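For reference, Swiss-Prot has these:
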- 585-621: coiled coil (COILED)
- N289: N-linked glycosylation site (CARBOHYD)
- S27: phosphoserine (MOD_RES)
- S407: phosphoserine (MOD_RES)
- S409: phosphoserine (MOD_RES)
- 238-246: region 'Interaction with KCNE3' (REGION)
- 535-572: region 'Interaction with KCNE1 C-terminus' (REGION)
- 589-620: region 'C-terminal assembly domain (tetramerization)' (REGION)
- 1-120: topological domain 'Cytoplasmic' (TOPO_DOM)
- 143-153: topological domain 'Extracellular' (TOPO_DOM)
- 177-192: topological domain 'Cytoplasmic' (TOPO_DOM)
- 219-226: topological domain 'Extracellular' (TOPO_DOM)
- 243-260: topological domain 'Cytoplasmic' (TOPO_DOM)
- 284-299: topological domain 'Extracellular' (TOPO_DOM)
- 349-669: topological domain 'Cytoplasmic' (TOPO_DOM)
- 121-142: transmembrane segment (TRANSMEM)
- 154-176: transmembrane segment (TRANSMEM)
- 193-218: transmembrane segment (TRANSMEM)
- 227-242: transmembrane segment (TRANSMEM)
- 261-283: transmembrane segment (TRANSMEM)
- 323-348: transmembrane segment (TRANSMEM)
Amino acid sequence: MDTASSPPNAERKRAGWGRLLGARRGSAGLAKKCPFSLELAEGGPTGGTVYAPIAPTGAPGLAPPMSPPVSPVPAPADLGPRPRVSLDPRVSIYSTRRPLLARTHIQGRVYNFLERPTGWKCFVYHFTVFLIVLVCLIFSVLSTIEQYAALATGTLFWMEIVLVVFFGTEYVVRLWSAGCRSKYVGIWGRLRFARKPISIIDLIVVVASMVVLCVGSKGQVFATSAIRGIRFLQILRMLHVDRQGGTWRLLGSVVFIHRQELITTLYIGFLGLIFSSYFVYLAEKDAVNESGRIEFGSYADALWWGVVTVTTIGYGDKVPQTWVGKTIASCFSVFAISFFALPAGILGSGFALKVQQKQRQKHFNRQIPAAASLIQTAWRCYAAENPDSSTWKIYVRKPARSHTLLSPSPKPKKSVMVKKKKFKLDKDNGLSPGEKIFNVPHITCDPPEDRRPDHFSIDGYDSSVRKSPTLLEVSTPHFLRTNSFAEDLDLEGETLLTPITHVSQLRDHHRATIKVIRRMQYFVAKKKFQQARKPYDVRDVIEQYSQGHLNLMVRIKELQRRLDQSIGKPSLFIPISEKSKDRGSNTIGARLNRVEDKVTQLDQRLVIITDMLHQLLSLQQGGPTCNNRSQVVASDERGSINPELFLPSNSLPTYEQLTVPQTGPDEGS
């Protein structure tokens, strides 16, 4: 292949190599199947752009990247496909053009922005729409006042045009973005989305506004009396603010929870209303007021008076005239008004309980990530003792295949591209974008000095020159001789670190460091979980203490039951009959009773043995007919007393008393 060939010729040559190895799809397929590939290189013999071969590591025919391009020599077939050389990540062919966002991704973002607003941007947008709708409603009200009709009508006309265009466009965009969800895909899915109540309201508002603008004459809104009835449709725009219906769901949940109390109070209040109104009608149906007119001429008038009274409005158009009617009305007011006021208190307490429940739910939701982090860190601490390779794979950076362009003066890219590339690398290594608490660091190691790469990397050369400024600051040989030691220290400090790409490259100090980091992360997660578990209200503290007290009492009862089962009941309050029954059991009390019985029997036998030994001693000393009392008297007269004669009956003799023969008084003298 000619080194000065044009890019089309080079492309045809690449296609030829691809056909030799198999069918290909794009440059990526060729890179996987061909043992070497061609890259763009500037600064050729003609000053134009040529294609330079990039061969795998160790392949023959590889030249330095900045040298003139040479003809490629195919690598041996047994080497197989290998990743190409990474020259400069700033000029990757994937970053030369903007990444194309998928259609479903754009639909999802638009749908979340319009239908699921979160964040300050969504808040600003929807709040601005609410203000515009409110201003339009105010001008619609002012257009009915003769004093402001001229100003409000003209302004309202142009505001209606803007709002119709805006809401119509937004309706179409909402209908289009709903396709990101599976149940709204296709025509039937869009129709299902359009059948939602809030979508029907939006469509009615847009159509009603278009009818008002089209039928109006001389540029004035609501010019004819036939269109005045459509004005109330403008109020439906206020429903546009709460598209999710959170307000109505909250009200419905409160009413549903307290439905029994509400039904009871309303039922009793309604009964009090109809009975009291009927009694007032009977008392006031013939009464005439000062103007000579009967105020309670029908039962409907009495019901109207009752409704106005129990709702504490009191228009004063109907007033009882007789004392009987006034008495009935006073009793009715005290009784019925209290029942009609109860629903307000019930709903208020229900809303307060609902808010408290949501706060507790939020407080509980904060514990979920903390608990998950604690479980994760605890498991990682446990897995660190396992020598399996999967434990350490998260710390190994996968070798990313980079496709680069050769350029003598590459332009630095924006930081956005760097962030996107970093995000892609993290995603390839199994990291989720939301994992911000415990980031897994990638481990680097010093490359061995005796290992030399088979290729020349411009990126490594540029980084080494950039990170070693002392090589560029050398002025005289004398400076080199006097500062050789300092230069060696600088070069040692500027050693390039290579990322670890395989588990086998991890050493013992790497694993020990990982274990220490995991243990520190475990303690941090434990502390955060304990902080998240702290109660935020006094009621929660009381509830927690009561629950703990209940658990403590249950454990104490269980311990007492086990003690009674093992030791037995206290013998102080047990009668003898129950003790005899308990002797056959295996409790500690029964065993102690049996041991005490055995000790008593042994004591009795030892007493018998002691008496027998005394008799033997007496036989050895003075004969069988010697009396102890006479021996005591005789011994007392001689001035010596034999101590063996005063041994207690329940005491045992010593070993010397049993073995050493006693000497008489004559022998002792």
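A Cβ is built for glycine as well, from the same backbone N, Cα and C atoms used for every other residue.
On a predicted model such as this, the values are computed, not experimentally measured, just so you know.
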Secondary structure content of the region 'Interaction with KCNE1 C-terminus' (535-572), with strand meaning DSSP E or B: 31 helix, 0 strand, 7 coil
Composition by DSSP (helix, strand, coil) of residues within the region 'Interaction with KCNE3' (238-246): 4 helix, 0 strand, 5 coil
Tertiary contacts of the transmembrane segment (121-142), as residues 6+ beyond its ends and Cβ separation under 8 Å: 113, 148-149, 151-152, 155-156, 159-160, 163, 231, 234-235, 237-238, 240-241
Overall pLDDT of the topological domain 'Cytoplasmic' (349-669), taken as the mean: 66
The region 'C-terminal assembly domain (tetramerization)' (589-620) - residue tally per DSSP class, helix then strand then coil: 32 helix, 0 strand, 0 coil
Number of Cβ atoms other than its own within 10 Å, given for the residue listed as 'N-linked glycosylation site': 13
Long-range neighbours of the topological domain 'Extracellular' (284-299), counting only residues six or more past its ends (CB under 8 A): 277-278, 305, 318-322, 325
